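Listed in TrEMBL for this protein:
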DOMAIN    6-137  domain 'tRNAHis guanylyltransferase catalytic'
BINDING   D29, D76  Mg(2+) 2 binding site
BINDING   D29, G30, D76  Mg(2+) 1 binding site
BINDING   D29, G30, R31, G32, F33, H34, S75, D76  GTP binding site
DOMAIN    141-266  domain 'Thg1 C-terminal'
REGION    219-252  region 'Disordered'
COMPBIAS  229-252  compositional bias 'Basic and acidic residues'
Amino acid sequence: MAKSRFEYVRTYEQDGILLPNTYVVIRLDGRGFHRFSARYNFRKPNDKRALCLMNATAKQVMGQIPDVAGAYGQSDEYSFVLRRECRLFDRREAKLVSTFASTFTAHYQFLWPQYFPDTRLDGSMLPSFDARAVLYPSLREVRDYFSWRQADCHINNLYNTAFWTLVLGGGLSEHDAEQALMGTNSGDKNELLFSRFGINYNNEEAMFRKGTMLVRDVCSADPSSPESTDSRDVPDQHEKSKRQVEREEKARRKAEIVEMHVDIIGDEFWKNSARWIS
Ligand code: ATP
Ligand code: ATP
Ligand code: MG
Ligand code: MG
Ligand code: MG
Ligand code: MG
Ligand code: MG
């Protein structure tokens, strides 16, 4: 292609290549969802329709981008972890982050009517999501990352459940509910819910308490795929033949996406992690 004399401006672009052979976690978060959820009358403390919409959207993103090994969502956020070997967009950070944010936003809006059939989106307040990428050198940090997000889900959800129970069930003003919970620990909140309202927090919906984990079960598509073997036996990407790389990509596209609402902090969940991340 002929070059114009303006072409030089391209040299000002920054590459921003993410370090190879590391896990990339991309976290999206709804912009101004405190106001957004009020505008569209989300139920408090948890609007199940909104959470299911987030989950359905994340599954669409995983369907579009086979390099996503798994994802975790709660409230207005979703975190996607990419395979360590991912080479999408030559690992250019800006391309990855902006593609995730816009793909997620597009599907969220497209799916909205399925989850909120009686509420049309209003052009003056449309949902949008920010995104960032963080690199982690080993599965240890990836696991701790997901634990961090689930601990956040737990702390917020216990607080919000107690808060809205005091307001909606106890008739307190929002100010008084806030005062009542000031300085309480999680035992106090559990006790308050149980003794005053007969609510056993552990019986609240698992999706509310634990958030949602999505994993791409690669073994479901191709039990003989290298992902199903011990990760120490798997050759590096550059040692794999083109055919092998293509075969694995095909298996990822075909693989089932499994949704779970379980504890991801303890060891149990990670016992089978080789099925979806290596
Ligand atoms: P920012 O743009 O900085 O992220 P924000 O208003 O989105 O601001 P967050 O800390 O992300 O702030 O909090 C999201 C808020 O959205 C929650 O505090 C809650 O009020 C609301 N929200 C999100 N999902 C739901 C849901 N499923 N049900 C009820 N409320 C929700
Ligand atoms: P990448 O994902 O790398 O951006 P791309 O296929 O989007 O790949 P671009 O260099 O961005 O490549 O080019 C966009 C292409 O989209 C154009 O070359 C043209 O073929 C097509 N296109 C975009 N807008 C229009 C339009 N309004 N009318 C017709 N074709 C269009
Ligand atoms: Mg935020
Ligand atoms: Mg937000
Ligand atoms: Mg948030
Ligand atoms: Mg383009
Ligand atoms: Mg273009």
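Placed from the backbone N, Cα and C atoms, the Cβ positions cover glycine too.
Automated prediction, rather than curation, is the source of TrEMBL annotations.
Features per TrEMBL, on structure.
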| residue | record | DSSP (3 states) |
| --- | --- | --- |
| D29 | Mg(2+) 2 binding site | strand |
| H34 | GTP binding site | helix |
| S75 | GTP binding site | coil |
For the binding-site residues R31, H34, the one whose C-beta sees the most other C-beta atoms within 10 angstroms: R31
Close-lying binding-site residues around ligand 4 among D29, G30, F33, H34, S75, D76, where CB distance stays under 6 Å: D29, G30, F33, D76
For the domain 'tRNAHis guanylyltransferase catalytic' (6-137), the mean pLDDT of the predicted model: 97
Cβ under 6 Å from ligand 6: qualifying binding-site residues of D29, G30, R31, G32, S75: none
Minimum Cα separation from D76 (Mg(2+) 2 binding site), reported as the residue among binding-site residues G30, R31, H34 that achieves it: G30
Neighbour count (Cβ, 10 Å) for D29 (Mg(2+) 2 binding site): 15
Fewest Cβ neighbours within 10 Å, where candidates are the binding-site residues G30, G32: G32
Filtered binding-site residues, from D29, R31, G32, H34, S75, D76, whose Cβ is under 6 Å from an atom of ligand 5: D29, S75, D76
